[in-house]
Every structure is written in C-alpha cells, then in structure tokens.
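Copied over from TrEMBL, here are the features:
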type	residues	note
DNA_BIND	B:124-218	DNA-binding region
DOMAIN	B:2-116	domain 'Response regulatory'
DOMAIN	B:124-218	domain 'OmpR/PhoB-type'
MOD_RES	B:ASP51	4-aspartylphosphate
Amino acid sequence: MNLSLLRNSLRIRLLVGTLFWIVISILVAGWGLGQLFHQHVEAQFDAELKNHLDQLTAQLILDEQNQAQVRLLPSDPRLNKPLSGLYWQIDRIAAAGDHPVKAVLRSRSLWDETLAVPADTPADGEIHQHRIEGPQGVTLKIVERTVTIDTHSLRLMVAANESLMTGPIADFKGHLWLALGILGMGLTFAASMQVFVGLAPLRSMQDALGRVRQGDARNMEGIFPNEIMPLVNEFNTVLAQNAEVVERARTQAGNLAHALKTPLSVLANAANAPEKRDDDLARLVASQVDTVRKQVDYHLSRAQAAAAVKVPGMRTAVEPVIRGLVRVMQRVHADRQLEFVVLPDPANLAFRGEEQDLQEMLGNLIDNASKWARSRIEIQVSDESGKLRVRIDDDGKGIAETERDHVLKRGVRADEQVPGTGLGLAITADLARMYGGDLVLAKSSLGGLRASLTLPAV
Amino acid sequence: MRILVVEDELTLAAQLVEGIQSVGYVVDVAHNGVDGHFMGETEPYDAIVLDIGLPQMDGITVLKKWRAAGRTLPVLILTARDTWREKVAGIDAGADDYLTKPFHMEELLARLRALIRRAGGHASTELVCGPLTLDTRSSRASVDGTALTLTSHEYRVLAYLMHHPGEIVSRAELTEHIYAQDFDRDSNTVEVFIARLRKKLPPGLIETVRGLGYRLNKAP
C-alpha cells in the first residue's frame, strides 16, 4: 500500500480501515465456528460409539460352554455391511485358565479382518479410546471396555472410520468459508457504499466550490452536514469579504474621483477663461490640471482592478456590456451615421472578471474606434481555446506601426497633451495584463486600427 | 436658446453659466436635483447640462423622470467618476451626450451646440435660411455674406427663429426661450426686438401670423 495514497485520500483511508476489520473478523469467526463445530461433531461421534458399545455390553452373555454370545446384534445396518467403516469386536482376555483369543466375536462388517488394538486393560466400568490403523489402512477411532462375567474377562470394542467424522467437518468448513466469503464481500460493498454516501457532502462541497470558481455562483450554496457547514460558512464569509473589498475600493475610487474632479473642473475653467489666455500661470495651471486628471484616471482604474483580479468567482457576460457601450456610441455619435456590427452573436461568452473592468477595457477600445472610424466599426467576440478574444476594427486612418507600441506604453507621461486619446488604450492594456491577458494593435482589414483584446474566459 | 445648468458646485456652476452665456445663450441654474428636476419639467429649455452627482436627487434619477414625463429635449450629462458604467447608465437613462470632468469649456460649448443642432434636425454648424446665414459656433449672423450687427437679445430671437424655419413661433414661446427664468418678462419687448430685426434684415423674411406669432420664411 502506497502510504502517500493512504494519506491523501480520505476514501482510501476509510476503506482500508474498514476492510482490515472485515478480514480480521471473518478469519476469527471462521476459525472459531470451525473449532466449535469440530468439537460438537467429535462429541457426537464419541457418544455414538459409546452408545454402540453400551448396546453390545447389554446384549453380551456367556453360553453353557462359557462362550461369549451376543443375544441381539446391534441394529445399525452399517455393522452388517462389509468394510462399511463401523465395526465391533469382542476379544477374550487371558484370566483364570482362559487363554486369550482375539476376536471371539465380531461384526459382519469386519469380514475377516481383526481390529488390532494396543495392549490395554481398562478397569471395570472404564471406557478407553484409541486411534488405530484398521482395514485398508484407514484410521479408526476405537472405544473399548473390559467386561468380566463370572471369571471370564472379555474386551468389547467398537470402532468407526475417522473419516465418518472428519468428512462432515470438512464439508461444513467448506460451506462455512464460502458463506463467510460472501458475507465479507457484502460487508466490503456495504463499506464502500457507506464511504461513498458518507463522503458525498464533500463532493457536493467540491461542486459548490467549482461553481463559485466558474463564476456561476456568488457563494457556496446548499445545505451541508453539521461537520462541514462551519467550513462552508467560513468560506462564504471570506468570499463576501472579498466582494466587499472590491466594492469598497470602487466606492472609494469613485468618491475620490468625484471629490477631485469637480475642483479640477473649476481650476481648468478658471485657467482657460478667455481673458487669461496669455497668462503664464493660467497656462501652467491648465496643463497641470490635465496631468492630474490623467494620473487620477490611470491610478484609480488600476487600483480598482487590482482589488477585483484577486477575487474568485467573477463572471461577466460579454454581450450586454458590448450592447450598452454600442448604445452609448450610437447616441453620442448620432450625427455621424456610424454602423456598428457585432459578430458573431456573443450571447453565451463570458469574461472571468469584474463587470466594470470589462466595461472600462471595451469602452475605451470602442470609444477609440468610434472616434476615428469613418463609417463602420466591427466588433468580433470569439472563444479561442479557453480565452476570450474581442477584436475591434474600424475604417478610420489607423495608427502607424511605429506608433502602436508607443500608444500602449504612454500611460501617464506628463508631456502628453493630446486630449482624450492614447490614455484609454494604455489603461486598457494595463487592465488586460492584470487579468493575464493582453491588447495587441494591428492594421485592420477595414483600413483602420484593429485592437485585439485577449482575456480569461469562463 | 435657453439652457438649464444643474450643478451643485457653486463655482463650477457660475463658470458654466458664464461660459454658456458668452456664446449668446440664456442660462438658468439649479444647485440640486429636486430644483433642477422641477425647472427642467416646467420650463421650455432648448438643452440641459446635468451633473450626475447631485444632492437630494441624483442626476440619473432626474433624467429618468424627465424622460418618463415625455421631455425630449437634449441633455448633456457631466460625470466626475469617468467610468463606462456611469456613461452607459446615463445614456440608457436618456442622455444625449456625456462629458467627463474636468472638461474644457470650448468642448462643452461645442457639444451643446451639436446637441441643439441635432435636436432641430440640422446637420451643419451653419444654419441657412434663404439669404440668411447663422454661424452657431461664432454666434454671428449674416445676409448674403454681409455680417449683421445684433444685440444679444436680437441674436437670441433670430437664432431661435433660424432653428425653427418655416414654423409659426408664438410670442410667448420666443419670450420663454430668450429670457432666463427670473427675468421680468414683458412680451411687448419681443415685438420691439422683431421690429429691430426687420430693419436689419431684407424685408418679408420675418412674417407676422396674426393671432399666432411669427414665421421665418425661406424666401422673402
């Protein structure tokens, strides 16, 4: 048995323990029952032999010539059947002028064999037992007693084939082990069932956890046994805390954005007022306000995503997010007659992550495409070997190959003064990387820019 | 053109009012969601600039209420949070455009102009009606290429008529669109502005429809 297997599997642990006890119990029971039956059969066998001996003794008389006679032969038919295995024999013992004679009388079953008993003279009333070799070399069990009538001593003996006793015992033991074997198999099956049923809650816990991981469930659902429930509750608490951390990060980021940006608007408007156009201070304020805005946007979006990336069980359907963003673009660019094509139907594709992060990434890309497109934007969502791929094409003027990397790395560099462009792409690339995906810019077949966003799928 | 600004930050609200007035629009201002909602529902504005983060009633709710009540006027929302979730929520609530704080006043004015133009079904920044041309970007009007010298009230009356060419515009409607809410209105002054405009324009362009109001004709 591989010890690490034993250590690693609760099921094997339980099964091995149970099987050990089943085997021990069956061995002990088999041996014990065998012994008991053996003793029982042997006692009965001995009793039968004694019974025959008693009958023989009771019917023994001496005739006028002082010859031993049996008035009524024992009735057991086996005693009349030659070499049946059950025999009796009467010897005369030398005493008071008698000379010993072997087998003065014997059962017909002995035919012309004699029972060769070892020399022994049991006292009157005593019964002695021997095992001897009998006809055809079989082992016989023999009981004998000495009977003295007047002065004549006779030795009465009854013998039986030992196989008459051991045969049934062997038979019984065969049946016994068969029965115990079946019992053992039944118990093993029952034990496996018990382990299976007993560990079922662990399996359903695993399933519940799987659903959380897949993002199908917000927390572990279901009723579990008292022994497991605390674990499940504890885990759900951790999940809830994680979700709360994300929500708190979002709220704080939102509040910070709100708190910062309204004053920034005031500053920017004051600095950009027509009468301040030529004021150096006003220009400095205006440019710094722009930098601050970018820093705030960039770092807040990162901070929010950083909290969300670590939370398991996030799942966001892609289609509603795209549809919402396209609605925004169609409304905002209503006078430009832009055509948005979403292909193919991304109905059941989902992103393994937080909704707002997906919204930010796709929002920046679709917004960028809408800004530059002449008339057509194509959004293609696909599942590529377990990864979610969103490709956004536009028919605008595109970005020169040499500029593409620069645009993605632009980040929050203070010297960037082009309003509203670039930063969105850099933020998107950053968010994608935090989720273990990437953003690649290329030339679109429509003529403009192709942004390919790869993200973990559910 | 009459604009409502709903913004709770007083300095920013004042800057917005000043900026929007500088291009010839009339501006009313509200500093919380409840007042803003009431004014937007009762006064005939041509466009509304609505902040989302408002006290008492948030901007999204205000906007939804206007749209539910059948108000179709263009609304530009201002968002500080700059998340797409908020923008999607704003557009789905019925906004026509959004602007993220901090913004450049020129950008806001351009968006506002575009919204008003779009609402009137005009595709260009220049409105043309017969010999008359109105450049909404520079707030200037000209006849056959000759620039007109107009007072701000005269400009507002002409601009409103130019946004609704061929339609009968009542005196009351004109009054509502050229004066702010708290202004002491007198519809007779509209007649004064019309009379002055007629002197500066080729004859027959502004027609009086008796008992109903005025109409700007495409040809004299």
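Cβ coordinates come from backbone N, Cα and C, glycine included.
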Tally of residues which DSSP labels helix, strand or coil - the domain 'Response regulatory' (B:2-116): 54 helix, 24 strand, 37 coil
Summary of DSSP states over the DNA-binding region (B:124-218), given as helix, strand and coil counts: 34 helix, 24 strand, 37 coil
Other CB atoms, at most 10 A from the CB of the residue listed as '4-aspartylphosphate': 27
